[in-house]
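**Student:** Supplied in structure tokens, the structure appears directly below.
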Amino acid sequence: MDKQQFLAEYQDVFKEPGKDVFFSPGRINVIGEHTDYNGGHVFPCAISIGTYGVYGPREDTTVAIYSANSAKEEDSKIITFDINDTEPQNAKDEKWVNYFKGMLVYLKQRGFKIDHGFNLYIHGFLPYGSGLSSSASIEMLMGNILKDEFNLDIDEIELVKLGQKTENDFVGLNSGIMDQFAVGMGKENNAIYLDCNTLEYKYLPLELGDYEIIIMSTNKNHSLAGSKYNERVQECEEAVKRLNKKLDINKLGELDSDTFDQYTYLIDDDTLIRRARHAVSENERTKKAIDAMEKGDLEELGRLINASHVSLKYDYEVTGKELDTLAENAWNQPGCLGARMVGGGFAGSAIAIVKKSEAENFKKNVGKIYRDKIGYDASFYDAEVVDGPHKL
């Protein structure tokens with residue numbers, strides 16, 4: 001779809017021309033899962049599948065939002081709120097609007113002048129609950145539209161922080177900053193090596209040669225805010241609290257494996273030990289993956305990606321039958337260097353690094369196994385690594 005098509009869709013809904021069209025990407029994370037809120041390292045990139053938004057200013061103080069994605073539902077409607085309303089939408093069919101509303105609320109709280117309403121038409125191509133950061137894509141889309149329309153003097157990293165605040169405080173999910181950072185700071189053909197504790201980062205070319213990344217969606221929805229995601233955050237915080245009987249740390253990402261092994265006895269709970277062990281070992285795997293990328297050692301990268309999935313399955317327990325079926329059967333396919341779940345888990349998506357010449361057979365074989373075992377189809381996506389949010 002092109003810019004004119006989105007403008008035409010906006011006009012169909014709001015009966016007047018739209019002003020501008022923006023795109024905000026989704027993201028995948030090559031490695032470093034559930035490490036962001038633990039103060040560790042991650043290695044994500046922005047992808048060409050994302051969210052498009054068309055907006056047009058209004059003369060009153062009403063914000064009116066329409067989603068083409070909810071148009072498939074019988075109760076599709078334009079949802080409205082006032083720019084001075086600071087409370088989350090509570091109706092079940094309106095909660096998705098809070099990702100937009102939170103950004104507006106927190107920008108106004110920061111003292112930015114947002115003095116009129118607007119209409120907003122949304123068309124997302126990231127399946128909701130796919131683990132590809134549809135929520136961060138929406139937050140950064142909204143932030144960049146507001147920045148453009150109201151000439152806000154704010155840089156992208158500050159918008160990223162407000163995106164995380166929206167997720168944490170307005171929506172109620174205790175996530176780290178990786179998703180918003182990956183989306184907001186995306187750079188074409190590069191992944192971002194990010195220290196989530198300090199926000200120090202560097203771009204690394206995602207040079208895979210004869211290989212490509214294939215996204216595999218379980219087509220099973222996950223709702224992180226209603227899942228065990230927040231429980232994992234709390235378990236890691238409790239592990240830190242127990243380790244601090246002898247140590248002085250704020251996050252598990254501050255530990256290496258040797259130090260963790262030395263003081264594991266302080267945690268004194270098998271479940272908490274496994275949760276913390278994942279956070280520490282995944283952080284180390286991410287650092288090793290960067291070394292492998294810089295040396296061009298894709299086979300080592302693949303091994304680390306596989307080990308990440310194993311840790312997420314057994315120590316962190318966030319995979320599930322669908323994700324395990326995709327990742328573990330991907331491992332057995334010709335030309336696959338590595339595969340693992342991505343995102344929060346509990347369904348959603350996995351990624352695989354696959355030889356380009358084997359890609360079609362890979363999709364066919366893994367797809368058949370998944371359908372036979374799970375009972376419905378998985379979806380497979382090829383995505384390019386792209387820049388962050390921008391105006392078309």
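Cβ coordinates are placed from backbone N, Cα and C, and glycine is handled just like the others.
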**Student:** Going by the substrate site in Swiss-Prot, where Glu33, His34, Thr35, Asp36 are listed, which of the candidates Tyr211, Tyr229, Tyr263 is also part of it?
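**Tutor:** Of the residues offered, the record points to Tyr229.
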**Student:** Reduce the DSSP letter at Arg27 (site 'Transition state stabilizer') to three states and note it down.
**Tutor:** strand
**Student:** Measuring Cα to Cα across Ser67, Gly129, Ser130, Gly131, Leu132, Ser133, Ser134, Ser135, which the record gives as the ATP binders, how far apart are the two most distant ones in Å?
**Tutor:** 19
**Student:** Considering only the recorded positions Ser130, Ser135, Asp179, which residue has the minimal Cα-Cα separation from Glu167 (Mg(2+) binding site)?
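**Tutor:** Closest candidate to Glu167 (Mg(2+) binding site), judged by Cα separation, is Ser135.
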**Student:** Once near-sequence residues are set aside, which residues in the chain of Glu33 (substrate binding site), 6 or more away, have Cβ atoms under 8 Å from its Cβ?
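**Tutor:** Listed in sequence order, they are Val42, Glu282, Ser308, Leu312, Arg340, Met341, Val342, Gly343, Gly345.
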**Student:** Residues near the substrate site, Glu33, His34, Thr35, Asp36, Tyr229 excluded, by Cβ within 8 Å of the Cβ center?
**Tutor:** Gly32, Tyr37, Asn38, Val42, Gly176, Met178, Arg232, Ala279, Glu282, Gly344
**Student:** Measure the Cβ-based neighbour count of Arg27 (site 'Transition state stabilizer'), defined as the other Cβ atoms within 10 Å of its Cβ.
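**Tutor:** There are 33 such Cβ atoms around Arg27 (site 'Transition state stabilizer').
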**Student:** Using the structure shown, find which entry in Leu132, Tyr229 (the binding-site residues) has the sparsest Cβ neighbourhood within 10 Å.
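**Tutor:** Counting other Cβ atoms within 10 Å of each of the binding-site residues Leu132, Tyr229, the minimum falls on Tyr229.
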